[in-house]
Amino acid sequence: MASPTPAPRPDQISASTPLLQSDSTSSCASSIRSLSPSRRRHRNGRTSPAAAASARNLSFASALLSSLCAGSITIFSMYGHIFQERLHYTQFEVNGLSSAASFATYMPVPLLGYMCDRVGPGPLSFVSALFFAAGYGLAAGVYKREADGAALGNGADGEDTGRLAYAAMITAFVFIGVGTCSMYMSAVATCAKNFGRGKHRGLALAVPIAAFGLSGMWQSQLGSRVFYERFADGTKGDLDVFHFFIFLGVLLFVVGCLGTFGLKIVDEEDLIDEAVEELERSGYLDGSTFLQGSWTADRPGYGAIEQSPLDMESAGILDPSKPDNDSDSEEEDDNARIKKTWVLNAETRRFLTDHTMWCFALGFFLMIGPGEAFINNLGTVIKTLYPPHLKFVGEPTSAATHVSIVGITSTLVRLLTGSLTDLLAPSPQARHVQITSSGTLERKRFSLSRVSFLLFFAVTLSVGLATLASGWIQNHGERFWVASGLVGAGYGAVFSLTPIIITVIWGVENFATNWGIVAMFPALGATFWGLVYSAVYQSGVEKAASNGQGGEEDQFCYGSECYASAFWAMAASVWVACGLVLWAWKGKNGWAQRGIVV
């Protein structure tokens with residue numbers, strides 16, 4: 001057998017030389033893996049273990065602070081009904097605000113996740129500070145002007161002015177949604193990359209995600225106990241929306257600025273190097289799909305990378321010892337940056353071409369949308385439980401109470417699922433993307449897949465929705481805790497387990513981008529189910545008005561007909577989602593058939 005022809009030097013390559021020969025393919029793979037002296041310099045200059053541990057702990061504290069404050073949008077139900085009462089918004093208009101915020105919270109996630117993976121979580125935290133300050137500042141100003149005008153009977157100075165004011169309020173909640181997305185993503189990505197490669201990856205992700213759920217609880221309690229209206233006779237009124245918005249704007253701006261400096265990825269070069277080694281051990285780097293898909297001229301690579309072996313050699317990657325006019329440190333930084341981009345873009349393309357990801361993402365969409373709609377409309381749902389023509393003993397239950405119940409159950413279940421999956425779920429030998437079977441697993445007396453946990457809590461979520469839809473809670477507001485507790489537990493577990501499963505199957509190097517793509521889907525679900533609920537609710541309002549029961553309260557609906565059909569449909573949506581996730585796991589060419597440990 002003839003010996004292989006050695007790869008030509010750059011000065012020997014003519015226009016007719018093929019850009020991707022077998023030798024250059026293996027050369028590319030080995031060069032991307034090692035980057036020769038550049039990689040050695042990175043390893044020699046790496047942070048000491050003690051300093052790295054301190055940096056990780058500081059970043060974790062900063063991520064925890066960001067997560068504890070970022071979930072302000074989850075308490076929308078505390079003031080949604082006030083918009084109806086003071087600003088005379090219809091249920092459709094109130095849901096328009098919550099849907100705009102939900103849409104803005106989820107839709108930019110792929111772009112912001114891509115930015116987080118490429119430039120780091122710090123700049124993303126600063127982006128969140130700017131959006132939160134602008135959003136809550138604008139919302140406070142619009143609310144103050146409209147509420148004062150309505151109190152004086154000016155009707156917001158005319159219909160056109162009212163439309164402009166509503167458009168400004170929509171813009172404010174879009175800003176708040178983008179700020180929420182940015183702060184949450186920067187915090188979770190920091191924890192995923194700093195701690196997500198160890199055996200406690202579930203807890204490392206569950207803690208900031210749980211803290212995000214907890215943020216709604218403490219903010220709702222602070223609002224109801226501190227930021228309330230005080231009347232001249234000393235009695236306590238409803239939430240003081242204007243001052244509460246000002247407080248949230250200032251708080252979140254400060255927290256976002258602190259995260260700009262506190263959120264860091266420690267030893268990221270090692271993370272990328274290990275990812276490349278894992279890809280090569282799996283044989284993925286030697287496959288034509290990976291290299292040719294990225295480097296051939298007729299099939300450009302995913303994203304901004306479109307490099308041939310000649311381009312890579314010219315850039316100093318295939319031959320890092322090649323002299324260059326730039327300093328060694330600049331060459332080293334360039335090589336590290338190109339290698340990082342190469343790996344991240346490759347993993348993004350692999351993620352997008354995995355059919356099980358789309359089943360999983362669609363299932364997440366059908367689970368989270370109903371949960372979001374329930375949480376956003378807590379305030380108006382609770383009001384339907386207390387028809388004004390009936391006398392009730394004691395104080396009616398409040399939206400703040402059930403926002404706190406959702407927050408507490410969500411937080412506890414997120415921590416519980418993170419801990420239990422670390423203890424009971426099987427662990428792959430690979431710490432990065434699982435491309436083929438992980439081989440022999442560590443023997444355990446008992447193991448339970450993370451997907452089993454996900455399906456169990458999804459069913460729990462659907463039971464909470466069905467309980468409300470059944471009418472069992474109508475005229476019995478004291479029972480509402482059953483629905484809010486079950487929905488909070490299911491919603492929290494699904495939101496915690498989904499990113500954990502993503503890190504286990506597709507690795508942590510490209511986590512922000514991968515999670516961002518999946519997290520985009522609930523925006524459509526929350527918007528859709530919010531509109532369904534609004535349509536059912538508004539139908540009840542119009543029916544009551546036609547029967548002569550509207551009067552001064554003509555924007556409100558009372559009775560199970562205001563919500564029952566909407567929440568039955570939401571429960572069915574969650575059941576369909578369970579089927580999709582089960583198919584991705586156990587179906588044809590699913591994770592189980594491919595030997596992927598999850």
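The backbone N, Cα and C atoms fix where each Cβ goes, glycine too.
The region 'Disordered' annotation in Swiss-Prot covers 1-49 (among others).
The compositional bias 'Low complexity' annotation in Swiss-Prot covers 22-37.
Look at Asn57 (N-linked glycosylation site): DSSP puts it in a helix. The Cβ of Asn57 (N-linked glycosylation site) lies under 8 Å from the Cβ of no residue that is in the same chain and 6 or more residues away along the sequence. Taken from Swiss-Prot, the feature N-linked glycosylation site applies to Asn57 (among others).
According to Swiss-Prot, the feature transmembrane segment maps to 63-83 (among others), an assignment based on sequence analysis. Counting only same-chain residues 6+ beyond the ends of the transmembrane segment (63-83), those with a CB under 8 A from a CB of the stretch are 89, 93-94, 97-98, 101-102, 105, 125, 128, 132, 143, 173, 176-177, 180, 183-184, 186-188, 190-191, 207-209, 211-216, 218-220, 223-224, 238-239, 241, 244, 248, 251-252, 255-256, 258-259, 262-263, 375-380, 383, 399-400, 402-403, 406-407.
Counting residues 6+ beyond its ends, the transmembrane segment (96-116) has Cβ neighbours under 8 Å at 73, 76, 80, 83, 89, 123-124, 127, 169-170, 173-178, 180-182, 185-186, 189, 372, 376-377, 511-517, 519-523, 526-527, 530-531 in the same chain. Feature annotation from Swiss-Prot assigns transmembrane segment to 96-116 (among others); the stated evidence is sequence analysis.
Taking Cβ pairs closer than 8 Å, the transmembrane segment (122-142) reaches residues 66, 70, 72, 112, 115-116, 165, 168-169, 171-183, 185-187, 241-242, 245-246, 248-250, 252-264 in its own chain, all 6 or more past its ends. Here Swiss-Prot flags 122-142 (among others) as transmembrane segment.
Within its own chain, the transmembrane segment (164-184) has Cβ neighbours under 8 Å at 66-67, 69-73, 89, 93, 96-98, 100-106, 108-109, 112, 124-125, 127-132, 134-136, 138-139, 142-143, 145-146, 156, 212, 252, 255-256, 259, counting only residues six or more beyond its boundaries. The annotation transmembrane segment is assigned in Swiss-Prot to 164-184 (among others) on the grounds of sequence analysis.
According to Swiss-Prot, the feature transmembrane segment maps to 202-222 (among others).
For 241-261 (among others), the entry in Swiss-Prot reads transmembrane segment, with the evidence type sequence analysis. Counting same-chain residues at least six beyond the ends of the transmembrane segment (241-261), those with a Cβ under 8 angstroms from any Cβ of the stretch are 62-63, 65-66, 69-70, 72, 79, 82, 86, 121-123, 125-130, 132-133, 135-137, 139-140, 143-144, 147, 179, 182-183, 186-187, 219, 223, 227.
If you look up Swiss-Prot, you'll see 315-334 (among others) marked as region 'Disordered'.
As annotated by Swiss-Prot, N-linked glycosylation site applies to Asn325 (among others).
According to Swiss-Prot, the feature transmembrane segment maps to 355-375 (among others).
The annotation transmembrane segment is assigned in Swiss-Prot to 405-425 (among others). Long-range contacts of the transmembrane segment (405-425) within the same chain: residues 74, 199-207, 209-211, 213-218, 220, 375, 378, 446-450, 453, 457, 481, 484-485, 487-493, 495-497, 500, 598, each at least 6 residues beyond the stretch ends and with a Cβ under 8 Å from a Cβ of the stretch.
Here Swiss-Prot flags 453-473 (among others) as transmembrane segment, drawing on sequence analysis.
Feature annotation from Swiss-Prot assigns transmembrane segment to 486-506 (among others). When Cβ-Cβ distances below 8 Å are used as the criterion, the transmembrane segment (486-506) is approached by residues 188, 192, 196, 201-202, 205-206, 209-210, 213, 347, 350-351, 354, 357, 360, 364, 367-368, 371-372, 374-375, 405-414, 417-418, 421, 428, 433-434, 450-451, 453-454, 457-465, 467, 514-515, 518, 574, 591, 596-598 of the same chain, each at least six residues removed from its ends.
As annotated by Swiss-Prot, transmembrane segment applies to 516-536 (among others), with the evidence given as sequence analysis. Long-range contacts of the transmembrane segment (516-536) within its own chain (CB-CB distance under 8 A, at least 6 residues past either end) are made by residues 91-92, 95, 98-99, 102-107, 109-114, 116, 185, 351-352, 357, 360-362, 364-366, 368-370, 372-373, 376-377, 498, 502, 561-567, 569-570, 573.
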Using a Cβ cut-off of under 8 Å, list the residues of the same chain at least 6 residues beyond the transmembrane segment (565-585) that approach it.
356-357, 359-360, 362-367, 369-370, 373-374, 449, 451, 454-455, 458-459, 461-463, 465-466, 468-469, 490, 525, 529, 532-533, 535-537, 591-592, 598
Taking residues 6+ outside the transmembrane segment (202-222), which of them lie with a CB under 8 Å of any CB in it?
63-64, 66-72, 74-75, 78, 184, 187-188, 191-192, 194-196, 248, 399-400, 403-404, 406-408, 410-412, 414-415, 417-422, 425, 450, 492, 495-496, 499-500, 503
